[in-house]
Amino acid sequence: MSRVFNFCPGPAALPETVLERAGKELANWHEKGLSIMEMSHRSKDYVGVAEKAEQDLRDLMNIPDNYKVLFMQGGASSQFTMVPMNLLRGGNKADYINTGQWSIKAIAEAKRYCEVNVAATTEGNAFTSAPSQDELNLSADAAYVHYCPNETIGGVAFDYIPDVGDKVLVADFSSCILSEPLDVTKFGLIYAGAQKNIGPAGLCVVIVREDLLGDTIAGTPTMFDYKVCADNASMYNTPPTYSWYLAGLVFEWLKEQGGLEAIAKVNRRKAEKLYGFIDTNPFYANPVAIANRSIMNVPFTLADASLEKSFLAESEAAGLLNLAGHRSVGGMRASIYNAVSEEAVDALIAFMADFAQRNS
Ligand code: PMP
């Protein structure tokens, strides 16, 4: 069976070679006579797989030694809770930048634990841009500053890393981690749900500066304490072993592609092609400020919204899947993560050109 082109925002496409390798290894991992899923997470073999995955991620992102890499559960949504629980550190205020639906969810959760200062919001322009550094109204007594560098639903990305002085910068990198090189040292904490650029759902990667560990608010559940997770090498309890293993295969694949510099070039080319096409064809539109267009999630509308159903049906019939926009905003969205090939983007553009011509 041939594979489709999958533009799903998450769980998203995985590299085909990774899936093939996982398939080959599924029932009999490295001639051990059992699947990796059936092994104790404390066995030498599994710990080797887990440690290699962490090292490969450290190599790819150039993560300094004074940062812990945690393989957690509960998705990025649980981080909306864990961040205030672990990082308020005696304070009772945090700054949040609001650029869309995932920022809103993070803010709502933080409000359960502290006062939230919304340092900037682009709600006024329907979340079609990110605020500039000058527009950030940071408070002197915030324990940390939180933002979402890539809003998956709106397709809005920051084109800079906010300068927060000596404050702790926290970022939800769920939909853009590993898409391009990143200076980890600018952050106190980075988190990302796995199911876009890392691997299958069930895993959430947290990269946190060591000195921020160990001062949780009263009542923090043991499983939500970053220090407990770090002290136990992310194995305080049984981790999602298969997702972690598969993430390791994705990291190996990324290294084979030439690492983040190389994949960023491909990602930029893919995004430029798609936005370039949308901007020159009056049948399609993208509302996001050019500087803030995401290279991972490309929302677009059709000139005639009544054609959306046929656009989706025909694209699916052509082997282009999951192009519907988020249920909260409608329209279309193509998610073009690392594992979505340039060939897939070319096929999408060809389909869009043909559809526009037939319906104009
Ligand atoms: N943050 C962002 C930016 C996301 O895109 C998502 C999921 N689409 C989440 C958080 C929530 O992730 P999860 O479903 O893993 O909780």
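Heads up, the Cβ atoms here are built off N, Cα and C, so glycines get one too.
Remember, it's a predicted structure, so these values are computed and weren't measured experimentally.
Between the candidates Thr121, Thr122, Thr152, TrEMBL assigns the pyridoxal 5'-phosphate site shared with Ala76, Ser77, Trp102, Asp172, Gln195, Asn237, Thr238 to Thr152. In sequence order, Ala76, Cys148, Glu151, Thr152, Ile153, Asp172, Ser174 are the residues of the chain that are 6 or more apart from Trp102 (pyridoxal 5'-phosphate binding site) and have a CB within less than 8 Å of its CB. Here the domain 'Aminotransferase class V' (4-348) has a mean pLDDT of 97 out of 100.
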